[in-house]
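Student: For reference, the structure I am asking about is given below.
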Amino acid sequence: MINDDKNANEPKLESESRRKFFGKTALVGAGAVAAPMTAAMFVSMAKANAAEAGNSPFVHPGDLDEYYGFWSGGHSGEVRIMGVPSMRELMRIPVFNTDSATGWGLTNESKRIKGDSAHLLTGDSHHPHMSMTDGRYNGKYVFINDKANSRVARIRCDIMKTDKMLTVPNVQAVHGLRVQKAPYTKYVVCNGEFEIPMNNDGKAGMKDVSSYRSLYNVIDAEKMEMAFQVMVDGNLDNTDADFDGKYFASTCYNSEMGMSLGEMITAERDHVVVFSLAACEAALKAGKFKTYNGNSVPVLDGRKGSSLTRYIPVPKSPHGLNTSANGEYFVANGKLSPTVSIISIKKLDALFADKIKPRDTIVAEPELGLGPLHTAFDNKGNAYTTLFLDSQIVKWNVKDAIAAHNGKKVNYIRQKLDVHYQPGHNHTSQGETRDVDGKWLVSLCKFSKDRFLPVGPLRPENDQLIDISGDEMKLVHDGPTFAEPHDCIMVHRSKMKPLKIWPRTDPFFAETIAMAKKDGVDVYTQNKVIRDGSKVRVYMTSIAPTFGMNEFTVKLGDEVTVIVTNLDQVEDVTHGFCMTNHGVQMEISPQATASITFKADKPGVQWYYCNWFCHALHMEMRGRMFVET
Ligand code: CUK
Ligand code: CUA
């Protein structure tokens, strides 16, 4: 049916023909009669596009993707690894959520990592960003915020597991997060979004909001401890860093410090706060800080008039803050304003020296369309901004936008591409680094509406892949995703060196090994039950298709910890441990040790089994726990 459109294979008309197709479908009546476009049609169409651009989205079975994509999972609380350009989901990394398959949040190893928030089972992860050296991804860590419980976590990219988690004190809702790009990621920076009383001990109430503040949070990336916080005027939303290791910038959408929607959008202007890292570190060294809420985290005063910050007025309620890939600009995205504000990073030295006024740092404020939320960049001087309300990506040229601002008659808009629908973040391949390559753009669309088979009232979102290697953006793939990737990064596979099996000395389970040592057990060679009062530790090995221990006995009411060490050295042979009817299960990958604790609260015979399919005799990989009364 699409082929009656002669232009169907014309790359530049792809989005229009797609639209026409939907128009026709609608005419026929909800697609009841219309034949859907077959996969083959779409493939041939996209193939034609790709051939023209020389940037193929096709990764054939058995072939590997060129990029690792790290996608946040929003209120699913996790991080996902995608293969780009195939858009295949390669792995899920549980972070702030609890995971049935791997036992994340249930195992003792993961609870130790979650630390003081081990009891929290939810999260809202927005911004995954990788550690850098000299403005380039270094393949070491991915950091991610938890807006729901004010946390920041770190993922170790050699094992692709969360290895540190920190609850940020003195703030509520950690939102925008980025890393220091140069000279290396010493700090992870993130915004405390919701303003709260500085001492939130119940004395400051709901009426008088004069003591309410938002804090900028600076975290030591290696230790994953708070370095310091900076008190600001207004709230904070998104943030980014320069490429020189000197400045960070954050958007503020509620400079009014309003407590209701109406109050939050009264002022015509809000602002971007710029932080001078050197000034902050000097204030810290000089002891110019206070502490709050009974903790020892130093809080610097970066409110208006302070030497640590500058406030640049921009049209009201800005959202995304993105550093251009050439390191020259901070771009604040207007959201309620159809514009973005381009701040010259070069001019910030003069601003901090009070030689120019805040608005003098703005080199252009191009009008792009309705609802600009986030901007990404290529390696040719172009920017790509999501227009939430227009459901479009607008491609625009930064130099031309600046020329137009200076009175030149030049059209800085290069193209507007329909996306489906309502995009939030977008991101280009390696687009926040010096290695920006201008190949791919992903648009994270909040709504999918009619793009997929209906699956009930709750719909997937739609992550669209766009080829930006040519002069025109070309939509090449729809990718349904579950709630809710806010942001993503695409890292060239040459930067990554994931391990294939665990090193036995890995710190991930070192404390478990230390506990075994205290019990006099070598987990690698021994299968043993250790009783310690009403606590029982069951050490067993696993090698496909058997557990080292076929049966063990405990007493009713015992607290039982099962510690399994996977002796298999064969890549990909992961075992599981599940105690039926006890809500207990976990994953043990090759050469790993994992442990889980539960109460033996049911008498009699209780079967345990391996729940990761590992062998032809996987079903037989089970054993009995006998609970004596
Ligand atoms: S925010 Cu979600 S679309 Cu948390 Cu980066 Cu803009
Ligand atoms: Cu071991 Cu299944």
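From the backbone N, Cα and C atoms, a Cβ is placed for every residue, glycine too.
Below are the features listed in TrEMBL for this protein:
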BINDING   His126, His175  Cu cation Z2 binding site
BINDING   His127, His425  Cu cation Z3 binding site
BINDING   Tyr253, Glu256, Met264, Asp270, Ser317  Ca(2+) 2 binding site
BINDING   His319, His374  Cu cation Z1 binding site
BINDING   Lys446, Glu461  Ca(2+) 1 binding site
BINDING   His486  Cu cation Z4 binding site
BINDING   His575, Cys610, Cys614, Met621  Cu cation A1 binding site
BINDING   Cys610, Trp612, Cys614, His618  Cu cation A2 binding site
DOMAIN    531-629  domain 'Cytochrome oxidase subunit II copper A binding'
REGION    534-629  region 'COX2-like'
TRANSMEM  21-43  transmembrane segment
Student: List the residues of the same chain that sit at least 6 positions away from Tyr253 (Ca(2+) 2 binding site) in sequence and have their Cβ under 8 Å from its Cβ, in sequence order, or write 'none'.
Tutor: Asn235, Asp237, Met264, Asp270, Lys316, Ser317, Pro318, His319, Lys335
Student: Could you list, ordered by sequence, which of these binding-site residues: His126, His425, His486, His618, Met621, have a Cβ under 6 Å from ligand 1?
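Tutor: Near the molecule: His126, His425, His486.
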Student: Could you give me three numbers for the region 'COX2-like' (534-629), the DSSP helix, strand and coil residue counts?
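Tutor: Summed by class, the stretch gives 3 helix, 54 strand, 39 coil.
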Student: What does DSSP call Glu461 (Ca(2+) 1 binding site) in the simple three-state scheme?
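Tutor: The residue in question, Glu461 (Ca(2+) 1 binding site), is strand (DSSP, three-state).
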Student: Could you tell me which three-state DSSP class His127 (Cu cation Z3 binding site) falls into?
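Tutor: The residue in question, His127 (Cu cation Z3 binding site), is coil (DSSP, three-state).
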Student: Which one is closest to His425 (Cu cation Z3 binding site) in space, judged by CA to CA distance, out of the binding-site residues Glu256, Glu461, His486, Trp612?
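Tutor: Of all the candidates listed, His486 is nearest in space.
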Student: Could you state the CA-to-CA distance between His175 (Cu cation Z2 binding site) and Cys614 (Cu cation A1 binding site) to the nearest Å?
Tutor: 40
Student: Of the binding-site residues Glu256, His374, His486, His575, which one has its Cα closest to the Cα of His618 (Cu cation A2 binding site)?
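Tutor: That would be His575, the closest of Glu256, His374, His486, His575 to His618 (Cu cation A2 binding site).
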Student: Which binding-site residues are spatial neighbours of Trp612 (Cu cation A2 binding site) here, meaning Cα within 10 Å, out of His127, Glu256, His374, His486, His575?
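Tutor: Those near Trp612 (Cu cation A2 binding site) - Cα within 10 Å - are His575, in sequence order.
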Student: Counting Cβ atoms within 10 Å of each candidate's own Cβ, which of the binding-site residues His127, Lys446, His486, His575, His618 comes out highest?
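Tutor: Result for the most crowded candidate: His575.
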